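Per Swiss-Prot, ATP binding site is recorded for 49-56, 357-364, and the stated evidence type is sequence analysis. Feature annotation from Swiss-Prot assigns domain 'ABC transporter 1' to 15-269; the stated evidence is sequence analysis. Residues or ranges marked as domain 'ABC transporter 2' in Swiss-Prot (evidence: sequence analysis): 314-564.
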């Protein structure tokens, strides 16, 4: 049945009175209530709200992906204008018809790329599949287009990446592959669910610009779901604020940022960390927590002086980690990914050392190598005077009680067959630390400390939002009272209010128990708030390391300055053409087997502040 008369000429999408619910214990639990909005051709609508507010399930309902997950969707109207200009009612489409709509007319970039990419197919095959299905292209034509899309999202060595699998890529690389896949068929509507959450600030800036360029070329409507108000200020035309499944405020981006009316909107904006807010301060500070009832009332931030003098709890010297790449008829190793090259640093009890850098710079690999989750080819890792890199498997397991890891992708690191209570109890059982009754009480306490309810222990991972799942992973890491926590993008999936609570929790635990954090992140505003020291990594090497004050207030290396310049600012009226971005000609850390790359030489430029010498800045700094 034609619906052209029901959709305004300029609109590509219109939704009226959307209601979403889930059945739990034979009760209907409402997730979204009476939500209405429209999207114009070439417009970007940002949907913002806390984790669990209903943002992602709204997107899944539009894609008709909720029914198979047990969602109950009711809507008075859900109209889409296809690329052919035909208007269809999405709720009336059969499963077969929706397969032709998804990808071609409406595409989605999902929040967790590791679980969205098929692990048994190469990256090239997955991108080409959509192109072949919707554009009637041959396999060869589809692969050429797939490479072009990878080039557009600035993946270096795109031809090589086509033949690799998702587990061989970093989190940011996987997210860029997802973006390339979604944009490959030039849809009429693009739904982006936290598309830049896993990306560092420089690549995030490139992706936001890329989406805007393609949007202008194709007059594509974009629904941008995010908790990053800096990104909202940069990309949105209109903003829809959702609180507990209901729309509480909508307006242009200027209206929302400059004259917010609802207390929840004001609270969201007040909770946004601002880069530069720590200028002149020596120690980490708690985030001010803003309540909905009193958005202007702030908890006084307390400086955290926690570093213990003496011997480092963790010492890393000349760490080298490489991954083999096979090719040829005999499948021999011909090249290697130089993921980490001669990295050295110390970590003291009660200290937070942040590793920052682009996706693929070696941050996550460094963290994993410290626990021997990936094997290194050289260097020393010393924990409390004991070399980790030479331990037997039995002794290594005992040591892992004192070093815990919070992984980047929360859904992939939780067992879907276990309740979250069992997942949190598991490390306690493995190490035989607490009897069952005490363990259950410990789980309840941990869940409350990370902002969840004790009764959530009986639920499964798929019943939680991405941010809630990350809080579960943090609770599990804290269960054993470790001496060191390696946090790999631990708060990147959290909205601003919960992020502040989690950072404050980490700071409190650091103050109470002297925990040392290796904090891996691309969020420079959060890094500035939580760090004692900062190390900047590029192509597997540290190019600048020093105190937070030194690195943020007096950055010496060109790459550090570029990272800071790329941070989005929560001010829509600010013009950003002057922002410095990396060259499109990204260098590669893939080299022929046996080829050695010169290690950078760090020069002291201030107390505890070391920077790569100019002559050591080899091809990775394209000026």
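A Cβ is built for glycine as well, from the same backbone N, Cα and C atoms used for every other residue.
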Return the count of C-beta atoms lying within 10 angstroms of the C-beta of residue 359 (ATP binding site), excluding that atom itself.
22
Count the Cβ atoms, other than its own, that fall within 10 Å of the Cβ of residue 357 (ATP binding site), considering every protein chain shown.
26
Got a sec? Which of these binding-site residues, 51, 53, 55, 361, 363, has the most Cβ atoms within 10 Å?
363
What does DSSP say about residue 363 (ATP binding site): helix, strand or coil?
helix
How would DSSP class residue 357 (ATP binding site) in three states?
strand
Report the mean pLDDT of the predicted model across the domain 'ABC transporter 1' (15-269), rounded to a whole number.
88
Using a 10 Å radius around its CB, how many other CB atoms surround residue 49 (ATP binding site)?
25
